[in-house]
Amino acid sequence: MALRFPRFSQGLAQDPTTRRIWFGIATAHDFESHDDITEERLYQNIFASHFGQLAIIFLWTSGNLFHVAWQGNFESWVQDPLHVRPIAHAIWDPHFGQPAVEAFTRGGALGPVNIAYSGVYQWWYTIGLRTNEDLYTGALFLLLISAISLIAGWLHLQPKWKPSVSWFKNAESRLNHHLSGLFGVSSLAWTGHLVHVAIPASRGEYVRWNNFLDVLPHPQGLGPLFTGQWNLYAQNPDSGSHLFGTSQGAGTAILTLLGGFHPQTQSLWLTDMAHHHLAIAFLFLIAGHMYRTNFGIGHSMKDLLDAHIPPGGRLGRGHKGLYDTINNSLHFQLGLALASLGVITSLVAQHMYSLPAYAFIAQDFTTQAALYTHHQYIAGFIMTGAFAHGAIFFIRDYNPEQNEDNVLARMLEHKEAIISHLSWASLFLGFHTLGLYVHNDVMLAFGTPEKQILIEPIFAQWIQSAHGKTSYGFDILLSSTNGPAFNAGRSIWLPGWLNAINENSNSLFLTIGPGDFLVHHAIALGLHTTTLILVKGALDARGSKLMPDKKDFGYSFPCDGPGRGGTCDISAWDAFYLAVFWMLNTIGWVTFYWHWKHITLWQGNVSQFNESSTYLMGWLRDYLWLNSSQLINGYNPFGMNSLSVWAWMFLFGHLVWATGFMFLISWRGYWQELIETLAWAHERTPLANLIRWRDKPVALSIVQARLVGLAHFSVGYIFTYAAFLIASTSGKFG
């Protein structure tokens, strides 16, 4: 008999029903469960697949460069970044008819095009690219890197080049190489690029491979470095009247500490960023030499962790046993990596708009909105994934004997206290926040807005004042002109920073009031509830009072039959599934808040947000309804406009989202009956019955149907908001 899919599981391959296909897809990446898997093959497969992942990433970024060079308007955008709309790529087949062709022909293009809202134009411009030839060169280089990654992946699957398990478990060497190599050397290389290429380009000097060795990045060359006069590199920075990309008002400094933003581009000073990356490189190059490898010097991770025993013995055996637990569990390592990456991605979202690094991106409002929303959603998915793999660790990899009385065991032992405290916090936040919103709503409805309960966020305002914001009248730390910190920084970074923080046109430390206080607590409710579900799912993954033997049932099980009535919906997978809905809703509130606050800031009517955000009807009417009106008019009886594609996506997003409920609110029996009826009809219909299949059609399992429902809910939800966000912002600001 020919080998059937899935080859990695003979048990599944012999399944006579369509379950074979769906379970095969579902477990394709669960290498641990495959036939004939060994620890060595598991590590080698994952390692090789990383190269494939890198190849895809480089191919994708190469494609971005290539399409902009081929079909974009980069060179004309560079001449006037504030008024030319950047083109992502052409549209081959604009729907529908001549009005569509006219609506989508913009940005100086000859035919219909898509506008870029990704910020790549600003990024490439900032790092020194200026011509289409530069873009083509970059695309070709990344294509080469992609091919090398693929070859490396293939190579590391060959017997001679397969690394051993001991190589994968050499934590110190990996840490040293990742700290020094990945972060240290790459930051140093980036500093080099900024100093040798990007900063000269910002001053009108075109440095490429042909003149790279002839152009001094600084008039003094390397002299100050070797004589210890490093301050010379900071002297004569670009002036406030500097025109980016020209020598007008340009200085000669390469490593500065100016603070604040370049007045014309509204982005951080390039010389400040070069300085920052040099400092990061220095720190990480040192950090990458701290762990003991072949040379017998430096820290041993195991010794470090074993020494971490809290004094007085009140917290048990501290970190004893953690080294082997983490080093032998891929799920634990993945959980840690995802948790870190998720937090970093969310921080990227927060910093990209408040401290823009790329020239002119702050004035491209749609791009700012798109990048913030994109990074927050990505962060949400990554963070929920961290808890999912944490739960799988507890089920598959956790060894109670190895972790006796250490921090991990103690987390499990007092999980009731953790879960109940989180539950209390969520209930408190939810009822109080909703109570305030509903009260204010009723007061507005009855025409007595003065009876609203409006709470000033005085603690947050105090923190903003401590960082130098003067408008609240707190005379504290950096907002106090006679403090030591203020005086110490007056000649260095502070003037730029204080100008930026008190300038009302940027997004640095926005002025906050009662509307912000309320939505902040609504978001806190969402964060705490999402965390509650995820933490409970992981801590109860091995077992609970209700189901002490839960770990024997694995990560995702629907129920343990009718005999134990209460065991449905309590697998660790179910917790993840529920948490994703909460995560999506929470990030919905986060992005609504960010977007509305910024729309009013950009339009110069901040009072609309301040007055309408304190009650629910204000959010529904003055944010959602008001901003979707243009979107809903993408198609109308008079034809179409450039927003029509977003109008279509808005409708389509709702359709996908609603389809999710079809899977979420009906279970196996219904579908099984339906499938059997359809199969019966198919077999008795002429022509149709010429098509036969080997597998008996059966309904999806409960867990799989939930996954399909969740996928549709998530994709539809994000599609809908993406269309709303881009259309409402670009419709207002072009």
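Glycine too: its Cβ is placed from the backbone N, Cα and C atoms.
These numbers come from a predicted model, not from an experiment.
Pulled from Swiss-Prot:
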type: BINDING; residues: CYS559, CYS568; note: [4Fe-4S] cluster binding site
type: BINDING; residues: HIS654; note: chlorophyll a B1 binding site
type: BINDING; residues: MET662, TYR670; note: chlorophyll a B3 binding site
type: BINDING; residues: TRP671; note: phylloquinone binding site
type: TRANSMEM; residues: 46-69; note: transmembrane segment
type: TRANSMEM; residues: 135-158; note: transmembrane segment
type: TRANSMEM; residues: 175-199; note: transmembrane segment
type: TRANSMEM; residues: 273-291; note: transmembrane segment
type: TRANSMEM; residues: 330-353; note: transmembrane segment
type: TRANSMEM; residues: 369-395; note: transmembrane segment
type: TRANSMEM; residues: 417-439; note: transmembrane segment
type: TRANSMEM; residues: 517-535; note: transmembrane segment
type: TRANSMEM; residues: 575-596; note: transmembrane segment
type: TRANSMEM; residues: 643-665; note: transmembrane segment
type: TRANSMEM; residues: 707-727; note: transmembrane segment
Completion exercise
Within the same chain, the residues 6 or more beyond the ends of the transmembrane segment (575-596) and with Cβ under 8 Å of it are 353, 369, 372-373, 376-377, 380-381, 383-384, 387-388, 391, 516, 519, 522-523, 526-527, 529-530, 533-534, 536-538, 540, 609, 613, 619, 623-624, 627, 706-707, 710, 713-714, 717-718, 721, 725, 728-729
Handout entry: Cβ neighbour count (within 10 Å, all chains shown) around TYR670 (chlorophyll a B3 binding site)
Key = 11
Fill in the blank from the handout: For the transmembrane segment (175-199), the distant same-chain contacts (Cβ-Cβ under 8 Å, at least six residues beyond its ends) come to 126-128, 207, 212, 215, 217-218, 254-255, 270-271, 273-274, 277-278, 280-281, 283-285, 287-291, 293, 301
Practice task
By CA-CA distance, flag whichever of HIS654, MET662, TYR670 among the binding-site residues is nearest to CYS559 ([4Fe-4S] cluster binding site).
Solution key: TYR670
Practice task
For the transmembrane segment (517-535), could you work out the same-chain residues 6 or more beyond its ends whose Cβ comes under 8 Å from its Cβ atoms?
Solution key: 384, 387, 418-419, 422-423, 425-426, 429-430, 432-433, 436-437, 455-457, 460, 575-576, 578-579, 582-583, 585-586, 589-590, 592-593, 613-614
Practice task
Taking the Cβ of CYS559 ([4Fe-4S] cluster binding site) as the centre, count every other Cβ atom within 10 Å, in any protein chain shown.
Solution key: 16
Fill in the blank from the handout: TYR670 (chlorophyll a B3 binding site) to HIS654 (chlorophyll a B1 binding site), Cα to Cα, whole Å, comes out at 24
Exercise for the section: Compare the Cα of the residue listed as 'chlorophyll a B1 binding site' against each of the binding-site residues CYS568, MET662, TRP671 and report the nearest. Expected result: MET662
Practice task
Please report the number of other Cβ atoms within 10 Å of the Cβ of the residue listed as 'chlorophyll a B1 binding site'.
Solution key: 15
Fill in the blank from the handout: The rounded CA-CA distance in Å from the residue listed as 'phylloquinone binding site' to MET662 (chlorophyll a B3 binding site) is 10
Completion exercise
Once DSSP output is merged into helix, strand and coil, TRP671 (phylloquinone binding site) belongs to helix
Practice task
To the nearest whole angstrom, state the Cα distance for the pair CYS568 ([4Fe-4S] cluster binding site) and MET662 (chlorophyll a B3 binding site).
Solution key: 20
